[in-house]
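Q: Please read through the structure below; I'll follow up with questions.
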Number of protein chains: 2
Amino acid sequence: MKPIQVGLLGIGTVGSGVFNVLRRNQEEIQRRAGRGIEIGMVADLDTARAQSVVGSGVKVVKDAREVIANPDIDIVVELIGGYGIARELMLAAIAAGKHVVTANKALLAVHGTEIFAAAHQRGVMVAFEAAVAGGIPIIKSLREGLTANRIEWIAGIINGTTNFILSEMRDKGLDFDVVLKEAQRLGYAEADPTFDIEGVDAAHKATIMSAIAFGIPVQFDKAYVEGITKLAAQDIRYAEQLGYRIKLLGITKRATKGIELRVHPSLVPARRLIANVEGAMNAVVVQGDAVGTTLHYGKGAGSEPTASAVIADLVDITRLHTADAAHRVPHLAFQPDQMSSEAVLPMDEVVTSYYLRLRVADEAGVLAKVTGLCADAGVSIDAVLQREAGEGERQTDLIILTHNVREGTMNEVIGRMQALPTVLAPIVRIRKEELA
Amino acid sequence: MKPIQVGLLGIGTVGSGVFNVLRRNQEEIQRRAGRGIEIGMVADLDTARAQSVVGSGVKVVKDAREVIANPDIDIVVELIGGYGIARELMLAAIAAGKHVVTANKALLAVHGTEIFAAAHQRGVMVAFEAAVAGGIPIIKSLREGLTANRIEWIAGIINGTTNFILSEMRDKGLDFDVVLKEAQRLGYAEADPTFDIEGVDAAHKATIMSAIAFGIPVQFDKAYVEGITKLAAQDIRYAEQLGYRIKLLGITKRATKGIELRVHPSLVPARRLIANVEGAMNAVVVQGDAVGTTLHYGKGAGSEPTASAVIADLVDITRLHTADAAHRVPHLAFQPDQMSSEAVLPMDEVVTSYYLRLRVADEAGVLAKVTGLCADAGVSIDAVLQREAGEGERQTDLIILTHNVREGTMNEVIGRMQALPTVLAPIVRIRKEELA
């Protein structure tokens with residue numbers, strides 16, 4: 001089957017990510033989607049730069065309307081941003097019968113009602129996973145994964161710039177202005193950071209989640225929006241003393257009299273997972289009456305994390321286009337005729353790191369012998385902890401953390417250690433995963 | 001449209017949850033799904049108990065085959081568990097053209113290839129969100145939300161019983177045997193806990209995630225499985241000293257020579273979010289090449305969390321049955337003609353708690369005056385932190401944490417505080433969210 005054809009409107013940071021990931025992972029994506037997904041045409045004002053990103057094989061034009069008018073294009077990806085021309089183009093794409101994928105939270109939070117109505121009427125999809133919390137599939141979780149629940153509230157760290165600034169303020173005890181300048185220097189904050197630091201970006205996202213959670217129209221104009229510009233370092237310190245962290249939260253909640261929709265700095269108990277989300281990361285907590293608390297964590301911005309969400313939407317649409325209902329999502333994600341025969345490795349072939357505890361005689365040279373066995377086999381040691389023997393004790397514990405090594409090799413070394421006369425009990429071996 | 005008819009095979013803990021949540025949230029679920037979802041028939045060996053759960057309106061039978069043979073039943077939910085009769089019934093339901101929803105990880109990890117092939121051929125869906133990590137929509141995230149990615153690895157705390165035991169061992173410094181007995185007493189571990197504590201349950205779930213992540217068949221027989229029964233309290237302590245926690249992880253990873261699939265206790269750096277997942281909670285970390293790290297956290301077991309996943313599958317199937325492709329998932333989760341007009345509350349009506357910082361004169365009676373104003377307005381105080389004035393200082397900071405109160409009321413009280421002559425600077429007010 002011919003690959004589904006995607007037209008890209010705007011190929012900046014996110015657009016490049018979409019192009020690169022689609023190309024790099026094209027084989028796996030096709031095995032999942034049941035059909036290839038291809039960027040067929042790109043519109044960007046800077047055609048030279050755009051052409052250099054996509055190479056000579058893809059047609060680049062200046063006028064987005066050419067992409068929309070192209071009958072070969074099945075899906076239009078809008079990555080221009082803003083409320084103005086993006087709205088016109090999106091409505092034009094819908095009118096032309098194209099499905100639309102967008103990362104434009106501002107547009108949907110303000111003009112969503114008009115756009116969704118147009119799409120519904122025309123029988124096309126407007127998909128927007130990338131509009132909220134970047135690569136975290138939170139829209140899918142809310143719209144599909146948690147449909148059993150009466151949602152009680154949602155609270156999220158949904159702006160990476162402000163979370164980075166707050167993390168730095170706390171870590172270094174600095175005031176807002178100082179850290180903002182640093183964030184701008186590092187590229188974590190834009191030259192004009194207003195939308196981020198005043199909470200507007202987070203409010204756009206909270207508005208969208210609020211609509212999905214409670215079945216109300218998007219109504220950004222009713223959101224309460226307060227940023228982090230007035231936060232003082234001393235309040236972060238006092239909060240810490242009281243067991244809290246300060247985070248910019250987007251909150252929407254079902255209250256007795258109506259729906260709460262608000263963005264503002266909030267003290268959060270330090271022991272909550274979400275209080276420990278640091279730097280530019282995002283996390284959304286959803287409270288449902290059946291499921292209880294769930295938390296969804298990941299990168300909320302950046303080229304490829306956002307592209308991950310855009311492409312997930314492209315796969316969704318491709319699957320709907322291409323398969324009948326019963327075969328839309330393959331049971332094991334990949335199409336049944338596209339399964340891999342790659343082998344599951346025997347445990348000896350697994351490479352990981354290890355914690356070893358040896359009960360050893362408390363005498364000179366033991367450590368040297370044990371670590372010598374490691375060195376001989378090329379097992380590199382990360383850390384050693386030797387417990388001091390108690391008064392009158394003749395034995396002690398020797399703890400070793402290794403770097404990565406083949407399990408088969410590790411087992412051989414453990415066998416040799418066990419044979420040492422100074423090792424007095426069976427060696428305890430627990431694997432160690434850095435998960436980084 | 002007539003509600004879609006669901007037949008329940010087995011109505012124990014999870015089945016009761018499915019029945020209760022479907023009934024309690026039926027209006028919202030219908031607004032999302034575009035059609036009602038109804039339990040039409042139940043099979044359970046204990047018909048009397050089953051009937052007492054569902055009431056007299058639902059037909060209860062002893063023989064599951066009666067449910068499968070009923071032409072009015074569209075979807076069969078298998079909640080019997082195990083590899084034996086459950087497999088036969090699932091294959092019979094598929095052969096009868098019914099969609100199947102199941103929480104049976106053991107069956108899918110061992111016989112998944114046979115079952116998925118049968119379903120594919122017959123054109124029905126076998127949905128199993130509830131089979132892995134209970135209420136966390138991790139199957140959906142992997143199959144649909146992260147399809148752009150080449151998955152690098154997955155590591156999860158996917159067995160609540162063992163995580164509870166490990167949390168207790170660490171908190172209380174107790175050995176495995178002692179904590180297991182306590183967990184059994186509290187109902188966190190079953191009378192025969194073998195499948196949990198030996199890692200078998202986690203390996204079933206890891207096997208399923210492995211297949212979905214890497215497009216390989218389910219192959220539980222190739223999984224390496226090691227439980228927590230041999231863990232000693234002292235290793236947990238030593239790990240702690242070295243900056244690690246010990247968790248039972250289900251891991252699957254793309255290595256150079258093949259796929260790793262393994263369950264065993266693992267040291268995890270204490271600063272990772274997943275190291276801080278305590279008690280019976282579950283969490284799955286997914287590393288994708290585009291999205292980076294995502295973490296998915298929630299309740300991995302229990303009546304209603306598991307029901308949440310079962311019902312999400314029922315909604316998915318209902319939407320596919322009922323809507324054309326373009327209208328399958330409504331843009332805002334709820335059907336366009338089912339939107340609510342519930343109002344977004346003005347900020348004055350929001351109820352939350354507050355952190356206040358007052359710059360006050362360091363003199364007797366200030367605290368009494370300030371807290372008096374709170375008491376007069378019914379604002380209840382949670383904590384007070386009064387900084388000691390430095391040598392020669394005439395001013396100090398007074399920090400107040402309040403309990404929940406209407407924001408309008410709080411603002412009035414702040415206004416009165418601000419008017420006190422002993423309050424020397426604008427009061428800082430930051431909202432506080434317990435998120436519990």
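From the backbone N, Cα and C atoms, a Cβ is placed for every residue, glycine too.
What TrEMBL says about a protein is an automatic prediction, not a curated fact.
Pulled the feature table from TrEMBL, pasting it below:
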- B:Lys205: active site, proton donor (ACT_SITE)
- B:Leu9, B:Gly10, B:Ile11, B:Gly12, B:Thr13, B:Val14, B:Gly15, B:Ser16: NADP(+) binding site (BINDING)
- B:Lys105: NADPH binding site (BINDING)
- B:Glu190: L-homoserine binding site (BINDING)
- B:355-431: domain 'ACT' (DOMAIN)
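Structural setting of the listed features?
A: Cβ neighbour count for B:Lys205 (active site, proton donor): 26 (other Cβ atoms within 10 Å of its Cβ, all protein chains included). For the recorded site, B:Lys205 (active site, proton donor), the DSSP three-state label reads helix.
Annotation for B:Thr13 (NADP(+) binding site): same-chain Cβ neighbours under 8 Å, separated by at least 6 residues, are B:Gly302, B:Ser303, B:Thr306.
Listed in sequence order, B:Phe128, B:Ala131, B:Val132, B:Asp201, B:His204, B:Lys205, B:Ile208 are the same-chain residues six or more apart from B:Lys105 (NADPH binding site) with CB atoms under 8 A from its CB.
For B:Glu190 (L-homoserine binding site), the same-chain residues 6+ apart in sequence whose C-beta sits under 8 angstroms from its C-beta are B:Thr161, B:Gln184, B:Asp196. For the recorded site, B:Glu190 (L-homoserine binding site), the DSSP three-state label reads coil.
The DSSP breakdown of the domain 'ACT' (B:355-431), given as helix, strand and coil counts, is 24 helix, 28 strand, 25 coil.
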Q: With DSSP assignments reduced to helix, strand and coil, which class does B:Gly10 (NADP(+) binding site) get?
A: coil
Q: Limited to the domain 'ACT' (B:355-431), I'd like the whole-number average of pLDDT.
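A: Summing pLDDT over the domain 'ACT' (B:355-431) and dividing by its length gives 95.
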Q: Residues near the NADP(+) site, B:Leu9, B:Gly10, B:Ile11, B:Gly12, B:Thr13, B:Val14, B:Gly15, B:Ser16 excluded, by Cβ within 8 Å of the Cβ center?
A: B:Leu8, B:Gly17, B:Val18, B:Asp44, B:Leu79
Q: Starting from each candidate's C-beta and looking 10 angstroms out, tell me which of the binding-site residues B:Gly10, B:Gly12 has the most other C-beta atoms.
A: B:Gly10
Q: Using a 10 angstroms cut-off on Cβ to Cβ distances, just flag whichever of B:Gly15, B:Ser16 is the loneliest among these binding-site residues.
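A: Across B:Gly15, B:Ser16, these binding-site residues, the one with fewest Cβ atoms within 10 Å is B:Ser16.
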Q: Determine the Cβ neighbour count for B:Ile11 (NADP(+) binding site): the number of other Cβ atoms within 10 Å of its Cβ.
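A: For B:Ile11 (NADP(+) binding site), the 10 Å Cβ neighbour count is 26.
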Q: Using a 10 Å cut-off, grab the number of neighbouring Cβ atoms around the Cβ of B:Val14 (NADP(+) binding site), all chains included.
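A: B:Val14 (NADP(+) binding site): 25 neighbouring Cβ atoms within 10 Å.
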